[in-house]
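Marked as disulfide bond by Swiss-Prot on the basis of experimental evidence: 27-32.
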């Protein structure tokens, strides 16, 4: 079992982090990185969705 400590609002706001886009891309203050294992899976899923819908997948309407 892991131990956790509760952070105060002041401590939480002092944390600097980046943004995760949900597709394997994570960007910090000065750079971005790609988790290719996740990204390739998303590329495959998007390709299959576009093929199955004739290019009319949800984000291409």
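Using the three backbone atoms N, Cα and C, a Cβ is placed for every residue, glycine included.
Keep in mind that this is a model prediction, so the values were computed, not measured.
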### Message
Neighbour count, 10 Å Cβ-Cβ cut-off, for residue 27 (disulfide bond): what number do you get?
### Response
12
### Query
Tell me, how many other CB atoms lie within 10 A of the CB of residue 32 (disulfide bond), whichever protein chain they belong to?
11
